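As recorded in TrEMBL:
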| type | residues | note |
| --- | --- | --- |
| TRANSMEM | 21-48 | transmembrane segment |
| DOMAIN | 23-507 | domain 'Major facilitator superfamily (MFS) profile' |
| TRANSMEM | 68-87 | transmembrane segment |
| TRANSMEM | 99-118 | transmembrane segment |
| TRANSMEM | 162-189 | transmembrane segment |
| TRANSMEM | 212-231 | transmembrane segment |
| TRANSMEM | 349-366 | transmembrane segment |
| TRANSMEM | 372-391 | transmembrane segment |
| TRANSMEM | 403-422 | transmembrane segment |
| TRANSMEM | 442-463 | transmembrane segment |
| TRANSMEM | 484-502 | transmembrane segment |
Amino acid sequence: MSQQLGVLSALDLAKTQWYHFTAIIIAGMGFFTDAYDLFCISIVTKLLGRIYYHIQNSPRPGSLPPNVAAAVNGVALCGTLAGQLFFGWLGDKLGRKRVYGITLILMVLCSIASGLSFSHSPKAVISTLCFFRFWLGFGIGGDYPLSATIMSEYANKKTRGAFIAAVFAMQGFGILVGGIVALVVSTAFNNRFPAPPYSENPSRPTIPEADYVWRIVLMFGAIPAGITYYWRMKMPETARYTALVAQNAKQAAADMSKVLQVHLEAEEEKPTTESNQNPNRFGLFSKKFAKRHGLHLLGTTTTWFLLDIAFYSQNLFQKDIFTAIEWLPPAATMSELEECFKIARAQTLIALCGTVPGYWFTVVFIDYIGRFVIQLMGFIMMTIFMFALAFPYNHWKEKPHRIGFVVMYSLTFFFANFGPNSTTFIVPAEIFPARLRSTCHGISAAAGKAGAIVGAFGFLYAAQSKDPAMTEPGYPTGIGVKNALIVLGCINFLGALFTLLVPESKGKSLEELTGENQGDDNGIGTSPV
């Protein structure tokens, strides 16, 4: 045990160096792809409706039926949930490195396959699109626990929070680039194949070239993931997994000496016997785990679940909210590619002004003010801004005040990312034992994706107008955008309450937090803060 702790102590005290930044880029590029693939679908769903569900001479352009829209938006989230549980468990069983490449291959292949959905009939295209997006989500799901665990186990304790946050912050660039790619592709096609607004000729079918636009946007996500595959395969196994789980401190020292500019030495470990076995090696379903980490796991799962209901609702249905406040023109006044362009422009603006800055504020401040404060503050500010948007909703709908609505809406994204969207990813990678770290992170992330599924499917119906004449074709009446925003505000407030179960991990080594540096039952215990 002393040999293991010597290696890990050297890692905790190692200076920040080039390999740390290399690891951020390698792991972060996976998250860039994750966010790009999960959120770019919201830009092209309107275009899919126009292409495959066009009704000749209808007063409105074609739109996806409710069940199809729910499937297209939500199927990748279902795959992500399954992938987080499976690959989280597998990462603890086989090691982080062995599983890391599998998730990337899945993401590359399924990104390409999503854009090559077979046939031209609506049923065939949507079915194959949903099939490949499920498996794309499965690969994305694996990236959550593995990237977080790998970065936390590579980092030193002084800057660990910033390093894990920087990996997750690449998600913001993925969302931003998704909007930019859609802007560029739709502009290029619109210039080459111009079409009149729908209202001028409702009998006109969607131009056939528009079918290439959504396919190119979806397939682009394979490029950044494919570029980083070689470097992922060159990464050694993390020292903490090798030393604490594989029980080979000598190999851990050798691996880290190759990539970090530190001299690490460890003698060969003696075989562990029943008499000297570490009493802290309890299982996930043991009473000792429930006593020591049960409240922590409850805290990480509930806060991530509640956050993602709000976060994914906001992200996936920005276009619907912008249409409701008439920031986006009515669909019938635009051509298919013009509508795609304006949706992408709106989402890019929100990402640039609110989403991306929020992530990097977390990177800068997390190791100074701590995870707990950032998460609590984020939930509270999201609650305030949601209520500020919802209660005077009719005021914001008036034309002179729409820019104010967009600014307030951007601030909810800012405090989501300079808040719980970052910290719910970081904390589960720090507070659980090495042999269960990837599994517990996967469980926490899967709870988040369950919330995302609730948000994706629930908000789709809930945000429909209470006036039957104002609902989209095929949808029942809902509670309206105003009441949906009030519900999301209440959910954020619940998130603030459950944050009280999450411990502060700032400035402590992983072994201090989990009790793996001790032979008794000490550690972070069950104190929530």
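Each Cβ is built from the backbone N, Cα and C atoms, and glycine gets one as well.
Those TrEMBL annotations? Automatic predictions, nothing curated.
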Check: Could you give the mean pLDDT over the domain 'Major facilitator superfamily (MFS) profile' (23-507), rounded to a whole number?
Finding: 86
Checklist line | the transmembrane segment (99-118) and the transmembrane segment (484-502) contact flag, 3+ Cβ pairs under 8 angstroms | finding: no
Notebook entry, point to check: Which stretch from 21-48, 68-87, 162-189, 442-463, 484-502 shares the most C-beta pairs under 8 Å with the transmembrane segment (403-422)?
Noted result: 162-189
Item checked: Remote residues contacting the transmembrane segment (372-391) - C-beta distance under 8 A, at least 6 residues beyond either end -> 303, 307, 310, 362, 365-366, 405, 408-409, 411-412, 415-416, 418-424, 427, 482-483, 485-486, 488-490, 492-493, 495-496, 499, 502-504, 529
Margin query: Quick check for me: are there 3+ Cβ pairs below 8 Å between the transmembrane segment (68-87) and the transmembrane segment (212-231), leaving out pairs under 6 residues apart?
Written below: no
Notebook entry, point to check: Counting Cβ pairs under 8 Å that sit 6 or more residues apart, are there three or more between the transmembrane segment (21-48) and the transmembrane segment (442-463)?
Noted result: no
